[in-house]
Amino acid sequence: MSTPDPPLGGTPRPGPSPGPGPSPGAMLGPSPGPSPGSAHSMMGPSPGPPSAGHPIPTQGPGGYPQDNMHQMHKPMESMHEKGMSDDPRYNQMKGMGMRSGGHAGMGPPPSPMDQHSQGYPSPLGGSEHASSPVPASGPSSGPQMSSGPGGAPLDGADPQALGQQNRGPTPFNQNQLHQLRAQIMAYKMLARGQPLPDHLQMAVQGKRPMPGMQQQMPTLPPPSVSATGPGPGPGPGPGPGPGPAPPNYSRPHGMGGPNMPPPGPSGVPPGMPGQPPGGPPKPWPEGPMANAAAPTSTPQKLIPPQPTGRPSPAPPAVPPAASPVMPPQTQSPGQPAQPAPMVPLHQKQSRITPIQKPRGLDPVEILQEREYRLQARIAHRIQELENLPGSLAGDLRTKATIELKALRLLNFQRQLRQEVVVCMRRDTALETALNAKAYKRSKRQSLREARITEKLEKQQKIEQERKRRQKHQEYLNSILQHAKDFKEYHRSVTGKIQKLTKAVATYHANTEREQKKENERIEKERMRRLMAEDEEGYRKLIDQKKDKRLAYLLQQTDEYVANLTELVRQHKAAQVAKEKKKKKKKKKAENAEGQTPAIGPDGEPLDETSQMSDLPVKVIHVESGKILTGTDAPKAGQLEAWLEMNPGYEVAPRSDSEESGSEEEEEEEEEEQPQAAQPPTLPVEEKKKIPDPDSDDVSEVDARHIIENAKQDVDDEYGVSQALARGLQSYYAVAHAVTERVDKQSALMVNGVLKQYQIKGLEWLVSLYNNNLNGILADEMGLGKTIQTIALITYLMEHKRINGPFLIIVPLSTLSNWAYEFDKWAPSVVKVSYKGSPAARRAFVPQLRSGKFNVLLTTYEYIIKDKHILAKIRWKYMIVDEGHRMKNHHCKLTQVLNTHYVAPRRLLLTGTPLQNKLPELWALLNFLLPTIFKSCSTFEQWFNAPFAMTGEKVDLNEEETILIIRRLHKVLRPFLLRRLKKEVEAQLPEKVEYVIKCDMSALQRVLYRHMQAKGVLLTDGSEKDKKGKGGTKTLMNTIMQLRKICNHPYMFQHIEESFSEHLGFTGGIVQGLDLYRASGKFELLDRILPKLRATNHKVLLFCQMTSLMTIMEDYFAYRGFKYLRLDGTTKAEDRGMLLKTFNEPGSEYFIFLLSTRAGGLGLNLQSADTVIIFDSDWNPHQDLQAQDRAHRIGQQNEVRVLRLCTVNSVEEKILAAAKYKLNVDQKVIQAGMFDQKSSSHERRAFLQAILEHEEQDESRHCSTGSGSASFAHTAPPPAGVNPDLEEPPLKEEDEVPDDETVNQMIARHEEEFDLFMRMDLDRRREEARNPKRKPRLMEEDELPSWIIKDDAEVERLTCEEEEEKMFGRGSRHRKEVDYSDSLTEKQWLKAIEEGTLEEIEEEVRQKKSSRKRKRDSDAGSSTPTTSTRSRDKDDESKKQKKRGRPPAEKLSPNPPNLTKKMKKIVDAVIKYKDSSSGRQLSEVFIQLPSRKELPEYYELIRKPVDFKKIKERIRNHKYRSLNDLEKDVMLLCQNAQTFNLEGSLIYEDSIVLQSVFTSVRQKIEKEDDSEGEESEEEEEGEEEGSESESRSVKVKIKLGRKEKAQDRLKGGRRRPSRGSRAKPVVSDDDSEEEQEEDRSGSGSEED
């Protein structure tokens, strides 16, 4: 067998070499012996190595060296593999290879395997037979004849002669050949498991030749055998050659190609003389070793290939009789016949080799044989496909072509697979480790190990099966999960669609319902006028001229809206052009080498460090519209003075072109677009002729057409698609031309999901941004405007890549709430809360300049004050919270924002409804869009007098007014979004409000009656030195005093002090149950609050007055209720912490005490579900805002609002007035009227009328015996008030509800109601068991005698007071009730920033008091001294007795000796100098830097102190001993050591000063001990003298000893009351012990 080349591939097959050395597929020289690995050699004698007498030639018989022939074979093989058989060079090389033989041109001899090859190509020739992989259409295919030396065909050449010519004499004799053949046949039969016949056994042993062999022998020529014959005998193989060795196996006898015909009787296949079809004969090379030619045997019958296309490895040969006979193949006529194999006859008898034991089958050889068979079949199939006839059907030819191309791609596919396998090969220990078998001997496998191996294999199979099942299960689970997700997704989409459909249907239903109501209203109006016989009004509605008038009005309105539409379009175009220009400019700046400076508003370069003080500010003349710019315009620093000198001018809003471009660029743009049409700004200035509605120019058809168009367009909704569907480019569609659908919030927003209406609001805000517009988000309070703003910012940051900076301007009270919402919803947004002291704000400047922030939160004041810092930043967006503050166009905030700040995008947030006052509305629109809404006068003039052009003076009727209002709303619609709670009420829990009437205590009734009748407040007479006898005090602002009495009578200082003395309390403060017994509202709270706490309801308690909140705190402390307080004095940084503490889920505080004005704005207190309004506000919107702190988005529980109202009091009238105002506001807003003109003067007149008529009602009801009073019986309602609102309430409404009714109001469900009833029962039982039981409200028998006065007595006291006033002895001090602000807003802000508010207020107060004392000393020097003393002393004590933190009273002076020692010690410490340098150590300790200069010191040091403060305390007698002084000095040194680093100069100086103080004190104390008793007596005298001096300073008169002792005893019992204000003597750095000592008074120290 020959080893064929790899078909269509170049890789030789590995395998053991058949010879002594490696050999290529076609060996280049003769082998010295038979193939040792051949199966044939195992069955017969094998010749030994060649003798020395036969040298190995180095050159082929044709004259070609073997090396040259081998080098020629390589390119031939590569050309053959690459399919280059048609190349002429390939034919030339092939011809040279064919001539290497007995004549020139024959190639090298084949290997021993090639002797047996019956289906594989040689390297030189073409296909040897039909199964050759080389295509038959190659250059060597076709009919070829044996050629002679000259290349001529040898037609008559004898095959045997050719064999003899080509082969040398064989070294085997005849017997050896017979024996070899017998051995081969026996091996084949044994391989098939067949028994050996006897004659074959004899022939194998060489005893007797096989039958038939003798007859065949003489016919064989002795010299050689054909190269293509299936010679099975082992011959001398070719010599060793370079290249890899062929496989170590030999093909069994009879294994030819798959399509080879069976041989005939003579051993030659029929129809094949000597050569198989498809290729020329492959002769053996002729050489000197003539005896090395191998004998051949008769070829056996062929085994046909298996029909499955997958041949079995090495099928066994069958005997000639048993082998199947294949039909002979027809041979082309041009092919020469193959000569019969010749067996050479040798005379010399060789030595018989003994039979070796045959080796077993090698599985590697079987696999290789299988591969070779497959390759042979593939090659044969390729040949068949190439030789298909041309008459084949089209589809068959297509299939054949596909198959042929696929087979030709086999090697490429195999090579690709090998490369992939090499790349994907996994590293294993078996491949990378050393060969273990080379280092140890093989172990004999035992049965146990085989079983273990079998067991492991079984386990491995089970594990593989388990993994396969698991993987399959996971795959199935993933499919099921995907199906589930798929269904869920589509279910959610379907749900969203259904919700949207429902919302659309609801919207259309609501719209249809409203339209129906409107039609009914118009119909009713017509019927009403008809029934009232108002013929003129009825004709107005139905007359044709009315329609013409309406048509004219609509036409004029449409023209105005069209003008606005054009302005909007031009505004958007200008914005787009500006963006392009900015990009172009930016690109140009990037290409430029240097950086150009920024351009200021006047087109000049603007330095970064400039304060814009020398820049001109553009101004505009209000009436003419003339604009001054450049050098004509005033400078920024002289703007205010210039505006005063030039009335009629105002600051022009910054246009967009000024923000980024210069004047030169604007001129270039004007040159590029010289013919751009200027839009008409005002509809009244249109040149278009508008027909007179009274003339006949307007036909009925035209009027009807105009009306129809207006009807289609009058209800223009927020949908752009609807307008486009009607074919109208509507106003809203133009404004919101660019649409972007927003379905979800930004990923930057966490910790919550927006509601659906909030998503719609976000989409509207994004639409404003996309269309370069600004707008107003005017959702009702509590619907989440803050959250929607944060959503807009995060959406722009994520989707639009706009990271800011965003400027948000908010009130100071809501700044902390904004910061809290940002931290909660968008923690990734970098925000800056720009507030605090100037030093704190300056700390933000580096961050602002670097731009490392997204959002800046600040207040209105800092926007104005720090405009030199904040105006330098180019803001992307400006957002103004509580935007209704901008309604005044001339306010400073609006002017500063328009003049100094650059923000192309602006957004206003407001929760209050927009008032329909046209100037205010225009101011907002002008601030947002100055290019669209330019002139206020025209705007107001047109909407107020639309018929001014026609000369008519007729007022608009109702239908025309509604039309204009709708047109006005349409103007606003693209820029305004407002949703009410009722529109989203499905997402909010219910809110129920109850008004709970409260009764008055006897004390309240008495005080209220006298204050209402005479405007006086009863006193105990102590202010006139008539203590206990009673008196009166006339107070201003009677309504405020009545409200105080209704809230709590202890809000009057002297009432509480007198009652505390009457009830036996010390200190002038009433405690305990008498706190709530004195007020009906407090008594009601005492019943309600325990129930709410028991059921875990959190409460918001809103009050109008902070002094009332202080009394409330005392009550909460008495009942043990945990509470929080927030009012106007609460610092902004503390508010956020209070909100967070109250809103925590497990918070122990269930009451939040808030003032309505400070705590009712912008706070989120949704954890509370009960709102108690202790006293109603004049402005009903304030109370609504307070309610919205709890009733807002996020509230889960039902909200109960309890409004407390004292029965038959001024509070009922205030509540009625507030309700009336709220109703009027609703009517105005709904109807759109523009005549809402109420003033504070009218309100005061209205209240005065209330009080006057209430007094008459009170007297009349008292005379008739009725206890209820109502002013509405006789008081006519003020102008415009609906009389129905002021009808007297029913008797049931005046009744105070009982416990069961109150429980029904506050209970959410039946279980709570039952619990409340049981709590009331337990409370009543506990009160009944108390032996000292008192009624829950004070009764008249508990009141002191001085307060129970009849009207005549009160009248007499009032007259006496008036007489005293006339004679200059008025006892009422205006300082008691001071409603004026002692500081201006600017001073107050400055004091807040520097932290010196209390000191400044005290200074102002002292200045006022000093001026007053000066006036008193000038005017009242003739008054008696005794009464003046007592009155002044009482007033002094009363002045200090107010609620709040008690201040330090003026202490009694220290002994002069002690003061002297303290001063001496401190002076010695201060004057101490360093001995080495002469430096005064205390220089830096004398006075600390201020908080403004060194804020970090005050953050670290809790109690700062310096020598200046120590000296001041010595002067004020704060130190009672040297130990107190030592504490402060040591504290001073410790503060220095805490703040400064160890080892620093100040640190070391403080240590030295400590030792100096200690040594000086010891020295002075030793000197003090040496003094005698005489000095002590002198000290006592001096002390008494100093005391008397201090007393004389107080009362201006020196008192006697007895009076002085009594006064001192009285002062020792007196405690400062609740409401006294702090004085600057008590500082924040005082210790708690010192403050407690200050509170305790001066009684014990004065002795």
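Numbering starts at 1 and runs along the chain as it is shown here.
Just so you know, glycine gets a Cβ as well, placed from its N, Cα and C.
Annotated features in Swiss-Prot:
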type	residues	note
DOMAIN	171-206	domain 'QLQ'
MOD_RES	T353	phosphothreonine
DOMAIN	460-532	domain 'HSA'
MOD_RES	T609	phosphothreonine
MOD_RES	S610	phosphoserine
MOD_RES	S613	phosphoserine
MOD_RES	K626	N6-acetyllysine
MOD_RES	S695	phosphoserine
BINDING	D779, E780, M781, G782, L783, G784, K785, T786	ATP binding site
DOMAIN	1084-1246	domain 'Helicase C-terminal'
MOD_RES	S1382	phosphoserine
MOD_RES	T1423	phosphothreonine
MOD_RES	S1570	phosphoserine
MOD_RES	S1575	phosphoserine
MOD_RES	S1586	phosphoserine
MOD_RES	S1627	phosphoserine
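Secondary structure of the domain 'HSA' (460-532) per DSSP, as helix, strand and coil residue counts: 72 helix, 0 strand, 1 coil.
Taking the centroid of the Cβ atoms of D779, E780, M781, G782, L783, G784, K785, T786 as the ATP site, the other same-chain residues with Cβ within 8 Å of it are G911, D1188, R1192, I1193.
Cβ-based crowding with a 10 Å cutoff singles out D779 as the top-ranked of the binding-site residues D779, E780. Annotation for the binding-site residues M781, L783: lowest Cβ count within 10 Å of the residue's own Cβ, M781. Around K626 (N6-acetyllysine), the same-chain residues at least 6 positions away in sequence with a Cβ under 8 Å from its Cβ are I620.
Around K785 (ATP binding site), the C-beta neighbours below 8 angstroms that are at least 6 residues distant in the chain are L777, D779, D881, L909, G911. Taking all protein chains in view, 23 other C-beta atoms sit within 10 angstroms of the C-beta of G782 (ATP binding site). Across the domain 'QLQ' (171-206), the DSSP tally of helix, strand and coil residues reads 26 helix, 0 strand, 10 coil. Neighbour count (other Cβ atoms within 10 Å of the Cβ, all protein chains): 22 for G784 (ATP binding site).
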